[in-house]
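Under the heading domain 'PdxS/SNZ N-terminal', TrEMBL lists A:15-220. Sequence annotations record features per position, and here TrEMBL assigns D-ribose 5-phosphate binding site to A:Asp32, A:Gly161, A:Gly222, A:Gly243, A:Ser244. Residues or ranges marked as active site, schiff-base intermediate with D-ribose 5-phosphate in TrEMBL: A:Lys89.
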Amino acid sequence: MAESNGRSNVLKGGFKVKAGHAEMLKGGVIMDVVNAEHARIAEDAGACAVMALERVPADIRRDGGVARMSDPVLIRAIMAAVTIPVMAKCRIGHTVEAQVLQALGVDYIDESEVLTPADDENHIDKHAFTVPFVCGCRDLGEALRRIAEGAAMIRTKGEAGTGNIVEAKRHLSAVAAQMRHLVGLNRAEIVHEAKLIGAPLDLLRQVQELGRLPVVTFVAGGIATPADAAWMMQLGADGVFVGSGIFKSEDPARTAKAIVTATTYHDDPEKLADISAGLGEPMRGLEMAAIPREELLAGRGW
Amino acid sequence: MSLSPDPMPAPPLIGVLAMQGAFREHLRALASCGAEVRAIRDPADLAGLDGLVIPGGESTTMQILLERVGLMDALRDAVRRGLPTLGTCAGMILLARDVTDGREDHRGLEALDIVVQRNGYGRQVDSFEAELDVEGLDSRFPGVFIRAPVVLEAGSAEVLAEHEGRPVALRQGRIMALSFHPELSGDLRLHGEFLKLVRGMGKS
């Protein structure tokens, strides 16, 4: 929530600084970490932020059960270990997990489908917080519903914990195609489009005018190699989240470093060839058809 | 040979460091002010520049990438040889003589005689907006401060603006540093001031 301190012209927690923080993360890699040691590896590799969670998505997928916000002890340890921003995940709709994360002083909250949803109807009212939120989407309507609730950053969902880029590409392309479709719509047609995709009309008009989402848009869910990251950047992502792709690879420190460098030099195939060389085995990964439908994470959130 | 008696001066060529962060916004703002712009990712990109902008972003990330690709030394040389430079937020941290609360194993450009404390205003929940009186501007400038550095010592740098008693905009010779983000404010006046400095028209 935006608050003025009364004695001067200072405003904290306004949308400008929430969305502005995401602007500072652009061109960077945000890495999932489960402890302080991982966080230091991520920082040394050049991550622009880390995401604190209890288990990386590949382990959540393997273990099953309810996945929740991390223990504050772990989050505090990660915050103490690194100087870069620390994000943390809460369950979809779980307002109190988000309040706890804000009280801990994390820099961004990810209201994430990777954890088990706590509310099957509503997401968190993110305008009510000083800390900014990032939320996942599979298409434009979902992105704009999250922004209407107060999300200051969007990430396309992909399919977390698979090491398979196909869903990340699908969701990024879906958002881009829906934005291109808006270009030719007149004032009446855009009302119909808003109804079809379940998007707030004012935000849809804003997207039509800007030609892009009104907030920074990262890609997530399945990035496992430097080439994966560079491809998503070439397709227009502002940056990438890498979850299991780092700490499920044979050599996490080298893989992390290579993905960071590839994100900066995403347009330079010769550099990418050097960056990609000799990294050891990437995470093994999963074929989509091998995952039972009810175990897909991207379908969580509405 | 041109026959025109009064040719328009060529627009200055400004490089924006593009390792990570909000470099696109600076490129856009500078182009709107009439500059030619170039994204800088390799030492060779520094050739022929009239000015340089080091944007906001994650200072640790930028530092690591600059060292990794061999651009840190080239940048240090260019800035120390007098290339007019504007640093915003992370850019200010990179320009500072000394940094507290950062990682001890990293060295910046050490081109500006100031000492800064990384994230000195606090974490993201303490990020804020405030109107600023800036030397040389005739009305207040909208300051956007995001995990901003605090200037602990201004050294021999001239203070152009303060917020609650602390310097937030400084200048020393041909280097300008801001702890806030003019590229996010939609106000182009400070980019304009930097271009004046580049053209040698700034207040000396």
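Every residue gets a Cβ built from N, Cα and C, even glycine.
Taking the centroid of the Cβ atoms of A:Asp32, A:Gly161, A:Gly222, A:Gly243, A:Ser244 as the D-ribose 5-phosphate site, the other same-chain residues with Cβ within 8 Å of it are A:Val56, A:Pro57, A:Ala58, A:Val114, A:Ala160, A:Thr162, A:Gly163, A:Gly221, A:Ile223, A:Val242, A:Gly245, A:Lys248. All chains included, 28 other C-beta atoms sit within 10 angstroms of the C-beta of A:Gly161 (D-ribose 5-phosphate binding site). A sphere of 10 angstroms centred on the C-beta of A:Asp32 (D-ribose 5-phosphate binding site) encloses 29 other C-beta atoms. In this structure, the C-alpha atom of A:Gly222 (D-ribose 5-phosphate binding site) lies 17 angstrom from that of A:Lys89 (active site, schiff-base intermediate with D-ribose 5-phosphate). A:Asp32 (D-ribose 5-phosphate binding site) falls within a strand when secondary structure is assigned with DSSP.
A:Gly243 (D-ribose 5-phosphate binding site) has a Cβ environment of 29 other Cβ atoms inside 10 Å. Annotation note: the residue listed as 'active site, schiff-base intermediate with D-ribose 5-phosphate' sits in a strand segment as assigned by DSSP. Averaged across the domain 'PdxS/SNZ N-terminal' (A:15-220), the predicted model reaches a pLDDT of 96.
If you draw a 10 Å sphere around the CB of A:Ser244 (D-ribose 5-phosphate binding site), it holds 26 other CB atoms from the protein chains shown. Cα of A:Asp32 (D-ribose 5-phosphate binding site) to Cα of the residue listed as 'active site, schiff-base intermediate with D-ribose 5-phosphate': a span of 10 Å.
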